[in-house]
């Protein structure tokens, strides 16, 4: 049967199965009472397989989109009564319900039931018993399963391609945290902004955009806290200083982060830290040059002080198989980066305090401090002399000189009710993994710390509506519901006795579906929707990078092509993932990235051809990276040693160029809605049961792209980022969806790439935005650029190489 595109939302319920038989047991076809008796004896005696644990899954062809909890001691007639809210963007002939028996390692198949996708397209509810078949589609005795399904096509969604629409937009549905009103959001590009970075960007109401300074604000927030300082991080390094700009000194600004936190704790402030306990995957990856997280150093530094620093492993939920538990605890991380403090009220005279939170992509560790100039060599005797970060070369060090690895990132400060949601996330995590009950009992301080309340009046044109999203499961957060019914009511996903918050992926999907004109993405990784990859050298169903974001983006573009409307997606990624570029892990990720790009460009190319449009696919979807190149200046830092000959290090040093590492996790939609957080566009971050993540989605209700383009803070932030990357501001940048804009940006980025990759160096690179070095053919194939098989100064393939030994779960 031909496959049909299911793009929308599927509501599915699995009620129960009847007359199941188990081909994997001698008693598998015996009457129910005999089977339960045998399994009960095995359980009691500890011999044999014990009680059968049965679960069911929902698949769209070979992509798993839903899974029930396990039912024990009901080998014949298990009853689940579980409902699923499934976002789908899949080609499928059937919705497949699979019934399985859980084993300590893996699972055994009982059978599958099929419902034709064709039957769902009308949108009516289907409630029926389906026959269960074996691998050959032969009936498994009288086995059957009772299901209910209803499909809602994306085109019939009242928010599809309509943007935020109005100030009454309620936020992303089916999530743990609801949208908060009356908030204030501060957006940060990079850890610091020097005084001479002054883009002239006009906003609505006659205002000009003003950049903000992340690490200065975090320093002030920590310094002024009186009751609590809560920090989570993938890495926290005690030896960094947050204030480094000699033109903007602060009293006490030369203190290290570690000393600052110890001082605040000694003053009676409750300082609690959850730092990822880097146990393992390091063993597999460290040889590839990935940086250490300093977790042991940080814990030892605070040992015996008033600071409570807990090394926090990524523990599995209680439900997985032995193999799954091993994967979670050894391969995945705690990736949230948050700071929560109590803060003075805006009117200085008050003794009352409020909660302020910071979230985003910037860890409080070495290698993160940078400005919009992203220098390679010129700060090596000043702010980066004691903070030299270069993990892409074997033996990279300040002694051998630059280029350092510049760092581009994005962060945010949240005030108002949303700040309390970040606090609650920390409290859930501390109660699960923090050990001692040291959380400040805020209800005991009602006269000091005010309860969640708006910080902006409803009529204030600068007010924000904000919603918090996460990727996290019950293994990392305390107090998750225990039953699927309660989980669904709480906006959580259940599956195989695991409760998951997967709302970051939901937020991206919703924002992409709402988009009207353009999307601008900056992210450290870009891979996923592996169910749509071409099966060249792989079996896509074995990759498991099932999140929808790349496919949703290409389907959005296709829908606009079919409607005869403009739409552009801009994506900025690093030149390669941090690490030695020739290494197996980096090459594997680049291979997944190439397959993702090719899937998207193929969708676009086919839509252009089907609609008789002759156009470059890069006019609709275009990828960039960031890089810098500097001529040598008099008085520059001179290293005492030199890199080894014939290495990437010496070649980059002599060519005086290197990538700017894009660590950002951000998406802007139509200049009216922004997502910022810790989550990458890969399966690790979007899964919910892998890396733990946090993000926020926000908009200004008085600055929506309804009748005219949005010109609030989000617009100003995007234009400031483009000024940082392109070194210019053009009127055409005000209309990113236009073909004139995308062609101008592509033209400038291609020129900068030519200057970056040239053998000659006559001047500093005038901007940092580089066209990602790939070719895109008319049919959507992604190819090497002529003469550019490898990245400059390396022997690393731009298109990557599939790894024969690293499991996909590690690199997706």
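Cβ coordinates come from backbone N, Cα and C, glycine included.
The Ca(2+) site in Swiss-Prot is built from 190, 408, 724 plus one of 146, 227, 374, namely 374. Sequence-ordered, the extra residues of this chain that approach the 1,2-diacyl-sn-glycero-3-phosphate site, with Cβ no more than 8 Å from the Cβ center of 335, 524, 663, are 234, 361, 525, 664, 665, 678, 680. Taking the Cα atom of each, residue 408 (Ca(2+) binding site) and residue 663 (active site) are about 6 angstrom apart.
Residue 374 (Ca(2+) binding site) falls within neither a helix nor a strand when secondary structure is assigned with DSSP, and so counts as coil. Taking DSSP states H, G and I as helix and E and B as strand, the domain 'PLD phosphodiesterase 2' (658-685) has 3 helix, 15 strand, 10 coil.
Distance from the CA of residue 337 (active site) to the CA of residue 190 (Ca(2+) binding site) is 14 Å. Ranking the recorded positions 335, 408, 663 by other CB atoms within 10 A of the CB puts 663 at the bottom. Those same-chain residues not listed among 190, 374, 408, 724 yet with C-beta within 8 angstroms of the centroid of the Ca(2+) site C-beta atoms are 189, 370, 371, 372, 373, 406, 407, 409, 626, 660, 725, 768. Using residue 524 (1,2-diacyl-sn-glycero-3-phosphate binding site) as the reference Cα, a 10 A cut-off selects 663 from the recorded positions 374, 663, 670, 724. The DSSP secondary structure for residue 724 (Ca(2+) binding site) is helix. Long-range Cβ neighbours of residue 670 (active site) (same chain, at least 6 residues apart, Cβ-Cβ under 8 Å): 163, 515, 516, 517, 518, 519, 705, 709, 710.
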